[in-house]
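Just below is one structure, and these are the notes that go with it.
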Amino acid sequence: MTHILAIDQGTTSSRAILFDKAMRISATRQKEFTQHFPDSGWVEHEVDEIWASVLETCRGVLADMQLATSSVAAIGITNQRETTIIWDRRTGEALHRAIVWQDRRTAAFCDDLKAAGHEELVTARTGLLLDPYFSGTKLRWLLDNVAGARDLAREGHLLFGTVDSYLIWKLTDGRSHVTDATNAARTMLYNIHDGCWDAEICDLLDIPMGILPQVLDCAADFGTTQVFGGEIPIRGVAGDQQAATVGQACFQRGMLKSTYGTGCFALLNTGDTAVTSQNRLLGTIAYQLNGKPTYALEGSIFIAGAVVQWLRDGLGIIDAAPDTQALADQADPTQRLYLVPAFTGLGAPYWDATARGAIYGLTRGSGPAEFARAALESVGYQTRDLLEAMAADMGGLGETVLRVDGGMSASDWSMQFLADILGAPVDRPEVLETTALGAAWLAGMQSGVYPDQDAFSKGWALERRFEAQMSAQEREARYEGWSDAIRRTLTR
Ligand SMILES: Nc1ncnc2c1ncn2[C@@H]1O[C@H](COP(=O)(O)OP(=O)(O)O)[C@@H](O)[C@H]1O
Ligand SMILES: O=P(O)(O)OC[C@H](O)CO
């Protein structure tokens, strides 16, 4: 038993990562899959394509290392969250494409529910806002719009799951219909205080509770797969942002991580307390071990690294993401451009779906360098918005250190600006694959091949700390300019 296999099923690609006994990466495979946009604001994935990409990447890493299944102690799964699948338990066939977390098709339904005064109940029970982002209203849409779905549910043949749940069903050949508490916490159907599906919310959304999976801890016995030849148990599951929180070893109350991929997701460990945000953050479960949930406050930003992709693909002013650094360095220091990347609306803490991107402060001398700098800075400013909201909810954050990961955390320029605008240290770990590491550790720890929580925390290794260098006066003046840009961009 020398390895742990982590499956990271993300929004645009699936990855399989093999970790060795010392928790080092020994092989990685990645496979992108098709994004379907059948209507404005709709995003879907072909479920078979997700499954095929997972199989292919897992088989690939096992072949790369010439590993027999008997050498793999366990599988850990981490996944894009909220994405919603229904399938027929007799065949394992999905009845519709997966409705992806980004999909806004249920916005009007959510507005109706809010107008009818239901948001308070939803937030009190689930920690979430009444928003199309989460699975609940997507599942309702599927039940109402897929021919025969409700009949199948009545007959006991229909099952619902987030991506983890569907993958486990397929991996175990229909023997396990389960999920973990972190994924359940993103459905808007799960009571995070009582640790159970919420009958009143299911009733409100007309969702038959018989189709919901059993909810387990993040480290548990999720079933055993035989699809790779011999048997491999599945022992760890967590939604990707929660897995990154685990991979960053943010196990103490007050610890904070932020993952910079396409978007940015910041999670603050709030310990035993499920904080109900007064500032439009999300209350959620960071992880659940031994039946005990540890809670988090989460801020979700839709556009982080994606703004760099826009510089490359939309404006064509860079060839590759790392080019932003040299370009931003050439920017005229006397110009103060603010780029609000509300390309698909604004996420936390504004939740303004109709806002669109804007740039302020243009002069005759503004060019690619100033755009690049404003784009990188926008990620820092948005993070500060989240931390301001977290501080307001928690009555201050104390001596905060932000642990960062994700593709964009490779940008020294962005991480330095982040430290400057937060006025707090930013720590980048040696292992940037924190999401997969988190899933692997959960599975490995549960199987007894990886160390316990304390030892794992001690093993967290810093690659570089970015210290704030900007004066407090400049920091606040710049942030005030950003807040003004936001005020002018909001539509409500
Ligand atoms: N050196 C860099 N400077 C700035 N942005 C970067 C850099 N490297 C990667 N990125 C950004 O990071 C994102 C990719 O990160 P990744 O964690 O792979 O995202 P995801 O998992 O959401 O696909 C891209 O949006 C890219 O623009
Ligand atoms: O797949 P990612 O990395 O874009 O993450 C998606 C999040 O889990 C959505 O909530």
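Using the three backbone atoms N, Cα and C, a Cβ is placed for every residue, glycine included.
What you see is a predicted model, and the numbers here were worked out from it, not measured in a lab.
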Problem set entry | Record-annotated ADP site (TrEMBL): member among Gly117, Gly161, Gly398, Gly407 besides Thr11, Arg15, Thr262, Gly305 | Gly407
Exercise. Of Tyr133, Tyr166, Tyr295, which does TrEMBL put in the glycerol site with Arg81, Glu82, Asp240, Gln241?
Worked result: Tyr133
Seminar exercise, completed: The mean pLDDT across the domain 'Carbohydrate kinase FGGY C-terminal' (257-446) is 94
Exercise. Just how spread out is the glycerol site if you go by the largest Cα to Cα distance in Å among Arg81, Glu82, Tyr133, Asp240, Gln241?
Worked result: 15
Exercise. Near the glycerol site, what residues other than Arg81, Glu82, Tyr133, Asp240, Gln241 in the same chain have a C-beta no further than 8 Å from the centroid of the listed C-beta atoms?
Worked result: Gln80, Thr83, Trp101, Arg186, Gly239, Phe265, Ser300
Seminar exercise, completed: Residues near Ser13 (ATP binding site) by Cβ (under 8 Å) yet at least 6 apart in sequence within the same chain, in sequence order, are Gln30, Lys31, Glu32, Phe33, Ser53
For this session: Quick one: give me the count of other CB atoms within 10 A of the CB of Asp240 (sn-glycerol 3-phosphate binding site).
Result: 28
